Amino acid sequence: MSSIRERIAGLNPRQQEAVRFIDGPCLVLAGAGSGKTSVITTKIAYLVLECGMSARRIAAVTFTNKAAREMKERVQSMLPGKSGHGLTVSTFHTLGLNIIRAELKTLGLRPGFSLFDPEDAKALLRDLMNKDAQVDADQINKVQGIISQWKNDLVLPGQALSHAETEDDAYAARVYEHYVRHLKAYNAVDFDDLIMLPATLFERHPEVLAKWRRRIHYMLVDEYQDTNSSQYQLVRMLMAERETFTVVGDDDQSIYAWRGARPENLVQLGEDFPRLNVIKLEQNYRSTSIILNAANTLIANNPHVYEKALWSDKGRGDSIRVIVNRNEEAEAERVASEILTRRIKESAQWRDFAVLYRGNFQARILELKLQHYQIPYKLSGGTSFFSRNEIKDAMAYLRLLINPADDNAFLRIVNVPRREIGPTTLEKLANYASGRGVSLFDACHEMGLQEVLAERAIDRLGRFAHFIDRVRKRMDQNEAMPGIRQMFLEMDYEAWLFQNASSPVVAEKRMANVWTLLDQLEKSMAREDEEADETDDVEAAISRLVLRDILDQQAQEDDTDKVQLLTMHASKGLEFPHVYVMGLEEDLLPHRNAIDAGDIEEERRLAYVGITRARQTLTLTLARQRKAYGEMLNCTPSRFLDELPQEDLDWEGRPDKEDPEKKRERGTSAIAGLRSLLG
Ligand code: ATP
Ligand code: MG
């Protein structure tokens, strides 16, 4: 371990300035691979080791679990002994969850509240919206999107209603109001609440804000360009007095506008904090000049607030290869065989390779090819651990244990394994419960059920409720983990898996997944130094698991030697020696929706993020034909390929390059032809 001083000495002068500047607000604005994240990690160590700040007083936030974990590892390696104790390095949402957990009472929540994932939230919205009239999935999605945006902008239901300009908005605002009331009744919060609740709490309760200001003295934010309004408000309020924070970002890498991210926050920061020290970094330490130049040339097509001139001294490096394939299968086959041969040629490891794509669906065919060649790989996101059925069941049990008012969890598992509780019984139970204003679980205990349900049905519901109650009692007596494990054995979940799986091997694997989940839970409870002021009870551990689930994180942290498969969105902040970007075609990258909406800039930034992950080699692939919606479609090469420096591209199977003038002519004549056809 090199000392912190040596570490700082290894940075360039501008980076050093960013690390050493601690007396006011600091913004590091710089392109990809210029060492922004390195500044954050070094600065945390500097604050602790050189400025004598307690690690407990420092909070660093970023956007994905993976990024938070990597940052934490880097920092811990610089902080000897217990000096890193109590340091918060987490996602924004985990920080929010911790604040909520500490301020339950003021927020009007009860212990053991549930965290609704987007599916749960959707189910609740569906119920609420269907009360008035039958609505379809599109309408529900739309309202869910609007509500999410309101929450990200800290707009409360009353404000949403009074500002509504269209009937649609007014309708959404009314649903929003019901939705919030119901969440409260269920003792639940949704994903957006994790930021909105702390931010509005701080606004309304200065004494709570004051407490958190005493707790957090210095904040560092990575990937700042992707903060949304509520996240920005959270940082702003916490830091308003001391003005001690460092945020780093790159406006060219803002790729979450669709989730409410506001790159304008970069500008806003300067207005809110006039003392802001803006530091720009210009050397890229990641990529060869050819790769960096390609990225710079591409992004120059977007309008810019700040001009950046990145350079690299890593040498020119190899040309960027562009491989055109017959179809998507040939494309996947090609990538797999490339990795196979290149690994030997470069004597590289599997983990040195990353394959990036626009959407998870592109990974499926690639997975098959990788399996065929026996190439070990790790798929991030997509079909994650948490999206498996057995894990969803197990999570529902856990959620019900900590919050019996969680009706969604109840409904998922009341008949899993089979307890012969049918839909009619459940419907009657639900009617009864909503009439009495109690949860489904509580309703199972009520005498009044006799008026609506047959003896046998009541008996079965009662047995289920009693079963859950017993486990809850053990949890109260400090026997949480044995109680939970016993629960799965007692209900013979394994037998149920065997009945329902396609083969015994599959069933065994599924049961093993459940035990893995419980091991994770236990580990999470045992973890001592993670979040400073938190007592690690089973409730906290379960809500962290649910959050991890939402953040789409694989349960097994897997650092073995594997090829990484991930979406460009998920690749933010990471780097790999050899990068393959698949599907450089119109309608895929840029995506069809973006083309239709006339918003190509965000897609270009996404391509920029993908390209700038590469250190030594970059390979871009595309297919001439691709199956979509059950049809074979002809694909056009992405316009982004035209925007790259052509002299640095090494094409293979280049489609006949058409003279742009001729193309335009053909276009107009086609339109003219069509017109004449239509008369
Ligand atoms: P991104 O925008 O993609 O998140 P970044 O600006 O956060 O990139 P880092 O990930 O911090 O960049 O750094 C990129 C690479 O450069 C890393 O491998 C890092 O270790 C290395 N690096 C950063 N600063 C220096 C330096 N002064 N000398 C040598 N290497 C450096
Ligand atoms: Mg970074």
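These residue numbers are counts, starting from 1, taken along the chain as shown.
Cβ atoms here come from the backbone N, Cα and C positions, even for glycine.
Automated prediction, rather than curation, is the source of TrEMBL annotations.
Look at TrEMBL and you will find 9-288 tagged as domain 'UvrD-like helicase ATP-binding'.
Sequence-distant contacts of SER34 (ATP binding site), defined by Cβ-Cβ distance under 8 angstroms and a gap of at least six in the same chain, are LEU281, GLU282, GLN283, ASN284, TYR285, LEU310. Secondary structure at SER34 (ATP binding site), as computed by DSSP, is coil. Positions annotated as ATP binding site by TrEMBL: ALA30, GLY31, ALA32, GLY33, SER34, GLY35, LYS36, THR37, ARG286.
What TrEMBL records for 289-573 is domain 'UvrD-like helicase C-terminal'. In the predicted structure, the domain 'UvrD-like helicase C-terminal' (289-573) carries a mean pLDDT of 86.
If you look up TrEMBL, you'll see 647-679 marked as region 'Disordered'.
If you look up TrEMBL, you'll see 651-667 marked as compositional bias 'Basic and acidic residues'.
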> Excluding ALA30, GLY31, ALA32, GLY33, SER34, GLY35, LYS36, THR37, ARG286 themselves, which residues in that chain have a Cβ inside 8 Å of the centre of the Cβ atoms defining the ATP site?
Replying inline: ASP250, LEU281, ASN284, TYR285, LEU310
> Are there residues of the same chain, six or more positions away from LYS36 (ATP binding site), whose CB falls under 8 angstroms from its CB, and which are they?
Replying inline: VAL28, ALA30, ASP222, VAL248, GLY249, ASP250, LEU281
>> Any of the binding-site residues ALA32, LYS36, ARG286 with a C-beta atom under 6 A from ligand 2? Give them in order, or none.
In response: LYS36
> What is the total of other Cβ atoms whose distance to the Cβ of ALA32 (ATP binding site) is within 10 Å?
Replying inline: 25
> What is the maximum Cα to Cα distance, in Å and rounded to a whole number, among the residues ALA30, GLY31, ALA32, GLY33, SER34, GLY35, LYS36, THR37, ARG286 annotated as binding ATP?
Replying inline: 13
> In sequence order, what residues of the same chain, 6+ apart, have a Cβ less than 8 Å from the Cβ of ARG286 (ATP binding site)?
Replying inline: ALA32, GLY33, LEU292, SER312, LYS314, GLU575, THR612, ALA614, ARG615
